[in-house]
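Here's the structure we're looking at; comments come further down.
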Amino acid sequence: MNDMEEKFIGSLVGAVVGDCLGSEYEFVTPIPSREKMLKTYNSPCIFKYTDDTAMSRSVAFSLIEKKKLDCIDLAKKFTDEYIRKPYGYGATIGEVFHKLNNIFSSKEYASITEEEIFSPSKQQHSGQGSFGNGAAMRIAPASLFGIKSDNKEFEDLVRKISLITHAHPFGINGAILEATAVKWALKYPNNDSDLLDKLETFAKSLEVDSEQKVYQEKITLIRQLMLEYETSEEDVATKLGNDVTALNSVPAAIYSFLRTTKERFSNLSPEEKFKETILFSISLGGDTDTIASMAGAIAGAAYSINCIPKNWIKICEGVDDARKQAHKLYELQHCK
Ligand SMILES: [Mg+2]
């Protein structure tokens, strides 16, 4: 197996590990100490995955099967999975899946259009669409699939995957920035660009017509935090957020990884850096499974599968499937 394949696998397994371990403390207050957390993760239980992994698996499955983005197939896979096991999803996303299910059960599959598929998500929240983190939390397989795409193709890929459930620009733009971070991390540490510069350029173009430069402001805050020697979890959660919106969780996930690239962590091994990313992201509190899953996708891509602790891999549900899907996505992009 070569380095890039190990990074592909690291990304999808990292996302699963973050979801499974993070779900233990979702909206728990106060978040226990690191020692207590590590003790919990040393127990012989299996930690179950949640909606983050369930939806991510559907994205990977559809891209692998169709060898391209097929939004109608992906919407069907999301819907079937939700109907089969409707637990742990965001509060209002069920409305979208029930409407999609009505479309799939009342019409001939071949006659269904993309426009119809995107319509239920556009009706959410009085027509504004959802700005939750549900599009960003499932996007890592798109970063692997789109590793060779140019910026425009990549943005379109992520946008359309997002639009099935999230129509608000904050929800979509969060997914694009998270996907960009994962794609960048696949080339880390040999990447010749700076992640924050890259994210800022993307955010500027995404927010060019918007009065609110919300993601640009978050990137500025991340830059400031990166200049500090140490940052407390409370301070980071206050500045970057830790809730179920994309705007208040994607920047926290990106910072949780970037923090491990600071000079003060240079003595840590890549495995310790991966662990530090996950534990810090969970310590932020709030939507811990999604923030840890998004941080895990970036750190897993950067540090690769060999650096994800073996004892964590053993206790997380869904790792084997993530490994297989990452392998197939790698073959699709590198073995033509
Ligand atoms: Mg979840």
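Even glycines carry a Cβ here, placed using N, Cα and C.
Taken from TrEMBL, the feature Mg(2+) binding site applies to Thr50, Asp51, Asp52, Asp287, Asp289, Thr290. Thr290 (Mg(2+) binding site): 33 other CB atoms within 10 A of its CB, across all protein chains. Under DSSP, Thr290 (Mg(2+) binding site) is assigned to a helix (H, G or I) in the three-state scheme.
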*Ranked by the number of other Cβ atoms within 10 Å of their own Cβ, which of the binding-site residues Asp51, Asp52, Asp287, Asp289 ranks first?*
Asp52
*Around the Cβ of Thr50 (Mg(2+) binding site), how many other Cβ atoms lie within 10 Å? Please give the count over every shown protein chain.*
22
